[in-house]
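Right, one structure below, let's go through it.
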């Protein structure tokens, strides 16, 4: 199938409709010489400042003077192009040009536009949150190596500009970009309309209706209506006024296109500051009368009507003669505008009844088109506002650490949303205080303000007069105290406004909108204020609603930033406090030197390899030397290259970080470590466990109860302590013990693991955590069933990691409960210490928490100790040591001691039962009575 051939005109039309494709092609295929020629030609074209020569055949009508006093025909349009040439004999249509610029619109279906999909944009949005370093060119490419350096550099810069990763804000903007485009239908040419007017009025009328029905842009629609009305009634000038302020009850007739000449070929430039607007008060003049009463006014001689205002004629020199004014209604009959035709052509003729009928037929269609365009404009405005609010949220989440930065972003967004001259944010000094006092003020002026206003603003800020006015602003104080927004349309007419301060500042305030800023707890933390809309109008209800919605997000952002600042200060205080505590929690240099120089007794002298070691045989210093001996005896100092001075310092600091509680103190930690050492050396576990595992369990034993407070995990949960809030209610204390051990290791001069390899260090810290957490009896109950089954079935395998983990956990528990394996006198003494500590916890539960403690913590039930010890041994201790004996028979002396101690507790329990029975018998009661007598 042969490809269709395109002529140059079709290609040019296609590129006009799709400029992004042309730009893409130029960026990829354009040459430097082409760009230089383009720059040279256009710089020459812009060099002459004189008027351009007029086009041949331009009608005299195109050179007539409009009421604004400017030439219509002989200049250039907004884009610098000359006006189009009218049809010869164009007087038939009142001198209307052939094809004005708005007639050259094209159907933009957008099918060939290159757009990133929503999915890809979302991915880019997520990727932009991370920091990437991208190379924007391929270092291996050498095809352009022969080009001049300037050209290579220029190409690299172009690539860099187009390939750098976009910011989060840009990607969000692309994601929120509206995919709804205004349909653009090219209207029929004016000369064709003139032809239809002469030969087929019905078709002529339908063409005019069709052209406005397809236009949803209010500006171009208004301009079309003016031109078409001029064309229909042969008027020299035409104006269109639209009703504004109906919702607020203050109607005004506003026209951005006033007295448009029928021969104007281009759509006039609209001013961003609405300098071309003409406002007519409701009910004033002929326009206001028609708008208020809805009547048609047809005046042959305007100067004979008392309602006519000739001020415009005096200013422009244009004389108004005949005038036809008619209301424009919406589909429900509401007046939404007024159309005015001036000076019937030929000059001096009045507008006829036929003109009135034609306008009456055409304006209802105009009303429908205007209503649709206004509805579309309102929806676009709401979309832009919603989009702006989402961008505000993005700004707030991107910056939550610096109050000044986030407030500046807020003020910049507020100015963009509300198009105001100034924006202020004032923050309260104390949100809890009933007295309103602002402590901080932030001010931003719009860049669209005049230079004089900006200079006045800078001078007032330098003199601090305006800052003082902000801090002592009575309107802001009122809003902060009542929590209600204030919207003042005319500041000088409002008694709440301080006019003197306004005059001193040199900035004239016309309108004020001030709303409170709330935090997440619905407390007022400040106020936000905007002044003077750029268009000169007061802030309306829509502005107020938008500003209040905007300030909700701003309040959350400011509150988060303030909270971050408070957390940052708290963190700094905590760092200082920890620094002070770590200084006092570490041992002194004299202590380290003392043990560093001391002679360490042998294992046999200390008897630390005995399973039945006396827990109370060594004093606090002797326990340090014994711990040093254990490290040396196990070969850990040599194997892991532990600095001896560091080891001494670490042991002394660990001892110092145990609290002076009755049982869970340094002596208990040492005794647990001693029993682990004895089991490793006596039972031969030293040959089964790796050196890293041995180091982990020895260090774990010494650190397993660091900073113990004498209360258990259940008490932490019941009391809602800081530890429970920090670590949760699962193994609360054990997590704290591990973290405390890590803190000591990370302190300067305490890292006994400093010479380990990276892998050894990582493995060791994981094993250390497992060892300390294993002392939680909850975890013991979870894992012991599996351990017992493995042992009873003979399926235990030292090569399986999970089996080794379970075994180490059981060893830690066996050592932690090891007092029950000691001789009776030692075991009983330890049991009494544990019970005393439990009783102190029970007393706190009763006094502080108003709870009745369980039997083991209840001092009033201390005589039940033997029974409780029997339950303890039978349910927890005995099964564990029985299983360990099955693993290694050398541990049988421990099991025998448990059985012996159980029999002792059984004897005490039986004696208590006999005593209880005897005290409750009748004979004992009689004996007691006789004793009393």
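A Cβ is built for glycine as well, from the same backbone N, Cα and C atoms used for every other residue.
Note that the coordinates shown come from a computational prediction; the quantities given were computed from them, not determined experimentally.
Copied from Swiss-Prot, the annotated features are:
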REGION    42-125  region 'Disordered'
DOMAIN    217-370  domain 'GAF 1'
DOMAIN    402-558  domain 'GAF 2'
DOMAIN    588-912  domain 'PDEase'
ACT_SITE  664  active site, proton donor
BINDING   668, 704, 705, 816  divalent metal cation 1 binding site
BINDING   705  divalent metal cation 2 binding site
Candidate binding-site residues 704, 705, 816, pick with smallest Cα gap to residue 664 (active site, proton donor): 705
The domain 'PDEase' (588-912) [mean pLDDT, rounded to integer]: 95
Spatial neighbours, same chain, of residue 705 (divalent metal cation 1 binding site) - Cβ under 8 Å, 6+ residues apart: 658, 664, 665, 668, 669, 733, 737, 775
Recorded positions (664, 668, 704), the one with most neighbouring Cβ atoms at 10 Å: 704
Env. residues of divalent metal cation 1 site, Cβ within 8 Å of mean position of 668, 704, 705, 816 Cβ: 664, 669, 672, 701, 708, 775
Local Cβ density at residue 816 (divalent metal cation 1 binding site) - other Cβ atoms counted within 10 Å: 22
